[in-house]
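Among the features that Swiss-Prot reports, transit peptide is placed at 1-44. According to Swiss-Prot, the domain 'tr-type G' annotation covers 68-248. Annotation source Swiss-Prot lists GTP binding site at 77-84, 141-145, 195-198.
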Amino acid sequence: MRGCLQLGRWLSAAPRCQAASLRPPTVFPSYRYNRSFSTTTIYYGRSKTTPTKLDLDLEKRIAAIPIERFRNFCIVAHVDHGKSTLSDRLLELTGTIEAGTNKQVLDKLDVERERGITVKAQTCTMIYNYKGEDYLLHLVDTPGHVDFRAEVSRSYASCGGAILLVDASQGVQAQTVANFYLAFAQGLELIPILNKVDLPSSDPERALEQIKNTFEIDTDKAVMVSAKTGLNVPAVLPTVVEKVPAPIGDSTKPLRMLLVDSWYDSYKGVILLVRVFDGEVRAGQQLISFVTGLKYFVGEVGIMYPTETAQTVLRAGQVGYIYFNPGMKRSKEAKIGDTFTRVGYEKVVEPLPGFEEPKSMVFVAVYPVNADLFEHLEDSINQLVLNDRSITVQKESSEALGAGFRMGFLGTLHCSVFEDRLRQEHGASIIITPPSVPVKVVWKSGAEEIITNPAKFPDDDSVRLKVAEVQEPFVLVTLTFPEEYLGKVIELCEANRGEQQSIEYFTATQVIMKYELPLAHLVDDFFGKLKGGTKGYASLDYEESAWRAGNIVRLQLLVNREPVDAVTRIMHSSQVSRQGRIWVTKFKEHVDRQLFEIIIQAAVGKKIIARETIKPYRKDVLAKLHASDVSRRRKLLEKQKEGRKRLRAVGNVVIEHKAFQAFLAK
C-alpha cells in the first residue's frame, strides 16, 4: 500500500517536473539497460529527443555544401586593432547572431571583456550565400599579444587563409609583423584589410604603404572598413570566398582528426575542439588516441554557432567540437596536437604532425592563502591548464607559505591573465611570487641543467666550484615607434643591457628597431617603461634568441640571519644592489615588532647587500625605582639587556601570512 501511495505521488508530480529530472521511485525493481549509442542529443537540465526545426534546417544546409565550398580562415592583427569587433560584424552579416546587440561575442572569458583583449582563440561556423550558393565559413578570432603566440600558431593549423587586419590610424605594429611571418610560414593566403578608416586620425595611404614595403603584398585590392560602424564590411566575405582555398580532405576515407584545443565543462567534462582532415565522426563511434592509446565512445558532435550546437556528423574539412561518453577521466588525456581515428583503423591511418610544444619563459610560485584550500587550488589549476597547455605545473613546498605550485608561462601578461582567471572563475585566494626567468647551469663535467626554481641554484661554495658557467636567456625584441622617440628608446634598451641589432625606417616617421635584451629585464616591466617613454606610441614583440654566459647570482632575504625561501630570486649581479634595498625596505613595513630586535637583510651568498632593523618593544624596568638608587637601576638595565640577547638568539620571528601577501603584492 505504501509503495502504491509513493507511486501515486510521483505520477501526480511528474507533469510539473522537468523532463531531465524524472527518476523512477525506489520501490521499483532495478532493470538492466542495454548500453547502445544513438545520435539523440542529451542536454543537461532538459531532455531533447528531437532537434528543433532550426537545428534541422541548419544541418540540412550544411549537409548540402560540398568541401569545395568550405573556407577556413582567421584574422591576424596587432592587439587592439579590431579583430573581435570585425568578427562580430561578420557573424551579424551571415545571420549567425542578431545585429545590434553584440559586443565581442567571441571574447567569452570575463578577463577578456575586462581588459579588452583576446586571450583564447575562439572559433565560429557561419553559412554565407554568395552568388546563389551556400558556403560554409569557419572563422578563428586569434589573440594579438605575443604571450599567446601558441594559441595563434595552433589556430593557423586549421586555416587556409588569413585576414591581415591593420589599424588605419596606427599602421603596421610590432605584433602585426610577427603574426604575419607566422601565417606566411604556414602558407596561408593573406588578405590585407584596413580597419578604423572612419577615424579622423586615420591615414589609409600611409598604412597601405607600410603594408606594401614591410610585407611585399599587393595592396591594390585591399578592403577598407570600419568594423565599429559596419562601413564596407559586406565586401570582406566575397574576398574571403574568392581568395582563401578550400580545405583538402575526403569524407570517404577512414577518420583522421586533429585535436586543436580543449576546455572543461562542469556537466559534460572535457570538450575537444577538433579539425577533421579525412572521414567523418558521429555520436556512438569508438575512437582511439594515437598519443595515449586510450579508447573513447563519442557522446556528441557539433559546431560552434557561435555557441555549442549539436550536429549528427562532422565531415572532412570541418572544425567542430566533440565530447566523449563516458568522458575523459583525467584532463591530461587531452593532448593538444593528438590524432584520433576509429578503432580498427589505427594501423591504416597516418597520424598528423601535431604542434611544437611551447617553452615556458617566465616562472612564478603560487600558494593558497589558507593551507586548507590547497586541494581546491589544485583542482582549479588543472581545469584551467586543460584550456591552456602552454602552462607548466610542478608541486613545491615552502617553509614560510606551505604547499604550492611552481608554474611556467609564456610571458608576464600570460601569467597575469591566468591569475585573474583563477580569482574570477574559481574564487581562488592566492599568494603569487614575482616572475623570474630560467637559467642554464653548465657544469665542468660538460652536463647542462635548466634551473627554474631559485632553491635549486648552486650557491654553496663546494657546489659552485663544480660550475663552469651560468647562462641567462636573451630575446630578440622588435620595437616600432615614431622617429621622435628614438633617443629615449635607445637609452632605455642600453640601460637594460641591450645590444642593438638593426634599425630601419619603413616610412619617413616610423622606425623598426631590433635589440637583443636579457629576458630577465624584459619581464621586469620593460614594456611599461617603454610605453611611458613614448607616450604609448611604441609597440613590442619578441622571440627567443640565445643563451649567454653572465654573472648570475641568487639574492636571498634573511630574517635574523635565517633565509626566507618564499623571497628568493636568481638575477644578474648588476640588479642585486637596487633589488636588495627595495626588498628590505618593503619587508620591514609588513613585519610586526617583537620583544627582541629583528634584523632584515638581503644577501648574495655570505655577502650582505642591504639591511634594515626593527627595534623591539621597550619595557620600562625602572618605573618602580627611586631616582637615587643608581646601582639598582644599572643592575636592572644589564639584566634586561642580557634577556634581550637570549631572546634574539633563540626567538623565532613570527611572520604572518598576510605579511607575505602584502609584500608580494604588485
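Cβ from N, Cα, C; glycine included.
Here the features listed in Swiss-Prot are painted onto the structure.
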| residue | record | DSSP (3 states) |
| --- | --- | --- |
| Ala77 | GTP binding site | coil |
| Lys83 | GTP binding site | helix |
| Thr142 | GTP binding site | coil |
| Val197 | GTP binding site | coil |
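Each residue in the domain 'tr-type G' (68-248) has a pLDDT score, and their mean in this model is 81. The 10 Å shell around the Cβ of Ala77 (GTP binding site) contains 28 further Cβ atoms across the protein chains shown.
Cβ neighbours of Val197 (GTP binding site) (same chain, under 8 Å, six or more residues apart in sequence): Ala168, Pro204, Met224, Val225, Ser226, Leu231, Asn232. In this structure, Asp80 is the one among the binding-site residues Asp80, Lys83, Thr142 with the smallest number of other Cβ atoms inside 10 Å of its Cβ.
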